[in-house]
Amino acid sequence: MTIMDYKRGSGEFLNWVVTESAFDSRYLGKCESIFCQGNGYMGLRAALEEQYVGETRGMFVTGTFNKFDDGEVSELPNFPDITKLMISIGGHPFGMDRGTIKNYERTLNLKNGEVTRSFHWTCDKGDEFEFRFRRMVSMENEHVIAAAVEITPVTEDIQIEIESGIDGTVTNTGSQHFSEGAKRIYENRFLEMISETTQSHVLAAVHAAHKIFTDGKPAEVTLLPIIDRRVIRIRYTVNVKKGSTLRFEKISAVHTTRDLKYDGWKEDDAREDMKLRAGQLLMDICEKGYDRLLKESERKWEKVWNKQEVKISSRNDFDQLALRFAIYHLNIMVKKDDSRVGIGAKALSGEGYKGHSFWDTEIFILPYFMLTQSETARTLLEYRYKCLKGARRKAIENGYEGAMYPWESAWIEDGEVTPLWGAADVVTGETLKILTGLIEQHITADVAYAVWQYYIISRDEDFMERYGYEIILDTAKFWTSRLEWDEEKGCYGIKDVIGPDEYKEHVDNNAYTNHLAFYNMKLASKLICELKAEKPVVYTRFQEQFDLEELGERLTECIHKLYCPLPEKETGIIPQFDGFFDLKSIDLTKYKKSSVVGTIYNDYNMEQINSFQVLKQGDVVVLLYLLDDLFSEEIKRKNYLYYEERTLHDSSLSKATHSVLANDLGLKEEAYHFFEGACCIDLGTEMKSSNSGIHSASVGGIWQAAVMGFGGVRVTSGQLRINPSLPEEWNELEYRIVWRNSTLVVTVTRDEVKILNQGKEVTVIVGKKELLISEGAAIVESI
Ligand code: BGC
């Protein structure tokens, strides 16, 4: 069952619009999330204006984390709502679940970020109306949200009432993060709610103003201000003639004392300045009105698309739409100039995962930014640098040295924020302890891996000297303290972890973790030697902090003696961890076929799942993708086939990596199948799986599957390789990447690849050839 339609765009909007083609109050969450609007500073769920049971209104402002009480972890609070309108027509509340609806359509226009909804409504009494709702979050001014509603009575003159304002009763599933605060209405027009987060003391100012017209002229209205507990609004009453259009505009502004502007300010000064500016901005934007604000924002979107578009000529138009959907969300999920904030696993589109950042950023999202917007990638890695303090604290708390990155991160000072308790065990009924914060440790190496990838792609020496080296050295130091001597094996191992496959807990020597830890330590060891020889000043600086001689020696010892699982002689399969092959095999058909994830939990508890050869998501497969040149193609193929058969893809991170690897191995149909699967994680027919927010790693994965997979981009051994291979369904793929400050426009057809270099001379490996492409030149190679 789906009410989504992806074929409605035409002309200049062909493959640009995502449409909800019918209203069904059972599935409100899907479009609230996937139609989320934003600009990196804030994200606004696309809850409908009028209220329905089951809706989840949500507005999240990056970095405003708050901890509700000691039993909870820091989370992104849900801001006072400005989307709700209470509309009464002829004295009766309006709702699409009353009367009859015709010609319903709600769309997200990916080109300009606008969400519109239109339909013809016949009320129970038989009177008819045309409705049109529009909403935008500005890309031009990150503080601005605007909405417009048009109502045209078709059959009768009618009295329309609209109650609109700021609603501070919203919570994060019951946790109220804001104080009651101060509420005020100025000049019967401007509404203000200033409240404060209860623990982090972030002051949030939400402002709103209204403009009301009939047939383009200011309307005659009567109004009633209402100030109540946590609520402030105005009720407008207007008489509208048959055939006339009532247009109601609501212009809002959101500011907080956590805004980047106030970084380092004295608290009182920030509060005063923020209130002043917020008020002034509201006057300004109210003057501009919806249409001008939209135009301004559209111009910013145009710039994004001019630089970021990936063009696909496919038999399935959906592929192009899905790529645009991914790029749209990638561009609204991150505040590109603020290194105090990361990317949430649900971006800013829902409460899921509490706004926390995971390895999703480094492994699944950052490649997009590294290869298209280097500055944003740098900002995101600086965020990890700023989180070092918390990582060091976590290491000490766990009895280790160096930097042990939190599995889940929130505000830079928060450290580990993984909740302690999760769902109930289906067998025992007891609440399950979440172990990832304690033993899913590969994230520490993932961060170091991403730092180095960024450097290889950008050659940003300044970043390395200020932040990069320190992250790599301190994470490597952590691993040296983390390894345990294994008498039996006669080498070091890493015991009691969770690898990327979270269906296995308390495992020893997880292949992914061990290989990435090895990579992290080897990299640090190499950098110590290089710094000593080539950058003595930097070396001396770190010498003081780390005792590099001693660290170097420890690293050498650890690298030589760390056990990294290798392919078994007879089978060529790398054990995912010690004893994986001894686990029981069960029939997974039912779970593999299910369109809903996690159904295995309906039948088994974690202890049982732990004893089966079943994977939640790629584990060894991700290792083979990241450390591309570690194993031969034959080994990769064997492992891919072996593990895929046992993988349920119950994490949204799984399918995109499988697509890339399958394509590398020439398994074209599978590669395309997994690409489509990744695209359908949010856009698919499953109507509830996005309820708590979009899947930001999967959105990054869609881009990777297209550009790294079919587009063949890989950064291995310090070099850029482009070995594309299109799926049967595609005729052409065009993408842009930035390699060492040069923009390359890559056009792939079925039998050729053309690389146009818009920057300085670069070297690219295509097939087995190393090609020098000079400034402004293009090369064409057969594939
Ligand atoms: C996955 C993790 C991921 C997290 C956040 C979990 O379901 O298993 O790999 O980091 O979701 O997206």
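A Cβ is built for glycine as well, from the same backbone N, Cα and C atoms used for every other residue.
Across the domain 'Glycoside hydrolase family 65 N-terminal' (19-258), the prediction's mean pLDDT works out to 97. Residues or ranges marked as domain 'Glycoside hydrolase family 65 N-terminal' in TrEMBL: 19-258.
Here TrEMBL flags 324-704 as domain 'Glycoside hydrolase family 65 central catalytic'.
Look at TRP359 (substrate binding site): DSSP puts it in a helix. According to TrEMBL, the substrate binding site annotation covers TRP359, ASP360, LYS616, GLN617.
Cβ neighbour count for GLU502 (active site, proton donor): 19 (other Cβ atoms within 10 Å of its Cβ, all protein chains included). DSSP assigns GLU502 (active site, proton donor) to coil in the three-state reduction, placing it in neither a helix nor a strand. Taken from TrEMBL, the feature active site, proton donor covers GLU502.
Under the heading domain 'Glycoside hydrolase family 65 C-terminal', TrEMBL lists 714-771.
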Item to check | LYS616 (substrate binding site): tally of other CB atoms within 10 A of its CB | outcome: 21
Checklist entry - Per residue, counting other C-beta atoms within 10 angstroms of the C-beta, which of the binding-site residues ASP360, GLN617 reaches the highest number? => result ASP360
Checklist entry - With the substrate site defined by TRP359, ASP360, LYS616, GLN617, which remaining residues of that chain have Cβ atoms positioned within 8 Å of the Cβ centroid? => result PHE358, PRO500, GLU502, SER651, LEU653, SER654, ALA697
Item to check | Cβ packing number for TRP359 (substrate binding site), 10 Å threshold | outcome: 25
Item to check | substrate site span - longest C-alpha distance across TRP359, ASP360, LYS616, GLN617, in Å | outcome: 16
Checklist entry - From the Cα of GLU502 (active site, proton donor) across to the Cα of TRP359 (substrate binding site), what is the distance in angstrom? => result 13
Checklist outcome for this item: Summed over the domain 'Glycoside hydrolase family 65 C-terminal' (714-771), the DSSP helix, strand and coil counts are 0 helix, 39 strand, 19 coil
Checklist entry - Could you give the Cα-Cα distance between LYS616 (substrate binding site) and GLU502 (active site, proton donor), in whole Å? => result 6
Checklist entry - If you measure ASP360 (substrate binding site) to GLU502 (active site, proton donor) at Cα, how many Å is it? => result 14
